[in-house]
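Per TrEMBL, the feature signal peptide maps to 1-18. TrEMBL lists 41-163 with the feature domain 'FZ'. Residues annotated as disulfide bond in TrEMBL: C125-C149. What TrEMBL lists as domain 'Peptidase M14' is 190-506. What TrEMBL records for E476 is active site, proton donor/acceptor.
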Amino acid sequence: MRLGLSVLLLSLTRSCWCVPQQQTCHPGDEFLGRCSNSVAGDKPTCTELNLGYCNDMEYSSTIFPNILGHQSRLDAESGAEYLLLSVIHGLLNGECSPEIRLLGCSVLASPCKDGKMIKPCRSTCDALRKDCAHAFESIDMAWPYFLDCDRFFASDQEGCVDPLAGLKARQELEMSSYSHDEPSTIIQFIYTSNTQMYSLLKRTAAKCSQISHVYSIGRSTEGRDLLVIEFSKNPGQHELLEPEIKLVANMHGNEVLGRQLLVYMAQYLCSEYLLGNQRIQTLINTTRIHILASMNPDGYELAASEGHLLNGWTNGRTNAQNLDLNRNFPDLTSIFYRNRRSRHYRIDHIPIPDAYWFGKVAPETYAVMKWIRSLPFVQSASLHGGDMVISYPFDFSRHPQEERMLSPTPDEQVLKQLARIYADAHETMSNNDTERCGANFYRTRGIINGALWYSFAGGMSDFNYLHTNCLEITVELGCDKFPSEAELYPEWKRNKEALLSFMESVHRGIKGVVKDLDGNRIKGATISVRGIKKDVTTAEDGDYWRLLNPGTHILTATAKGYSRVSKRVYLPHNLNKAGRVDFLLEKVPIEPDIDDYLFPTVDTWERFDPYNQFERFREPYAREGGIERQEKPWWWNYFSQSGISPPNGCCEVSRRTGH
């Protein structure tokens, strides 16, 4: 498409990028009455609207000279503004179309009545510029100069025309045909390119700016953003006692269904919240949700170029370095197996061994590890394709010679329950149909321990469990890794309830705050559960979350330099929210601890990329959706290859950077 647009640009003109040389007065200044390029005796007159790209406007007559100073239809059609308007649909990958074209036509060919020009409304321009900012940012293109809302548009008080009025009326008519018995969300169930996905997520965040924003956690090998959209009642910051959950998809670039489901889920959460869906409002108001729709956009680019009919089982699976991202995380599971019998060994927050950094670490893996470490995630799901089953840690067998061996974590029962929640809420995953995809797992109703299925080291789920507080399951969505577009809507129906139920399930077990006797919150305090050799630690604000199944549990809280406090807690089966259990710890003299010498995990956990081997992968989080960009975007080739300069102010590169 880009090549075709470039050819179109070059074939139409080589000299139309400037205001006609005989004009000495800038068109905007002339329109404001400051000067004139008109020949004495010229008088603006109404004429029939016959401008090829604008003939579907709601009015039939226009006037020349127009707002930009074009003296005739021929001048307007040969101008740079008309040319840019004719290709902007392609430049923006269909975003904000036809609104941008209609707005541009209202400037190039404003309506005429009784020999007078009626200017387009400034309010319409301002609203569209705000709505479409994401689309222009995604291609590093500034808002077109000839759509300057302050310069070429009029206020409602001055009298103006809304060029989008007809389009809005038609859209409202179409919407009225849908049933209004209950809130509804309209989603277009098609595949999206990387650029379209970025634009869609940013547009969704802009639409729901009070509950959502987007940020980048880093870049892929080929420089594509790893873009996350967040939903919460206070986006951008952690709320005390509000659990954080993440959904990750497209880790393998050719497993694309999960990517699309998460894009749809982002749209659904935004729209349903605005429509007043009480369930969605409760979820977002009590949970901080992070969605990474594509962890491997480079692999997706390769898989999508082949399409669902030609894509093989592995093409696009790896990143651009040919690394399997789900084998690229530090192998902490082997470290756990070596030390698990030691009475003093803690299996939570196992540090990354220094030797790991001398291997080949993908930038995508690096970015996700930093992300996982930076936020107090409680639970997570990684969406894949190739079968239909939910697997849970450990993924690496406790016996290196056994490919299929049950290898439970200390949280086996909690993880099984997480897997069961998703599988049971899925339309078909847990049924006993032996002819369907995933029928191999019908005896366990659609769930399995990862290592019992097949063993591998360096997986993301094991890393989450052993390095952080987060419990992650792997969701295999279906046997077809790249289903046809016709299957996207049926798959959404099968998985929507499962995704929502999984997100809601984070409100189980217990939560609380650990403080000292002076009321100061304690960061890094340890919460242990008797019988489960896996502790969690408090976050920056001293709050914690511990997923637990119903029953009676003995909890103990402690921190270095503080006393140890234990409590007995009963969680009833009918409890539909996390129980609140706070701790008050008393300061005590610090005594030498053998654990500090044998297993100094607390100190070494902070060592991340200790030799700055991967400094180039460090990416600042973007603020308010602004993503750091390359110096020259791809559309620059339209002009540079032919030696043509864009018109002044037309297409400046956006210089905004992340913070």
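Glycine is treated like the rest: Cβ placed from N, Cα and C.
Its own atom aside, the Cβ of C149 (disulfide bond) has 18 Cβ atoms within 10 angstroms in the protein chains shown. Counting residues per DSSP class in helix, strand and coil order gives 53 helix, 18 strand, 52 coil for the domain 'FZ' (41-163).
For the domain 'Peptidase M14' (190-506), the model gives a mean pLDDT of 94.
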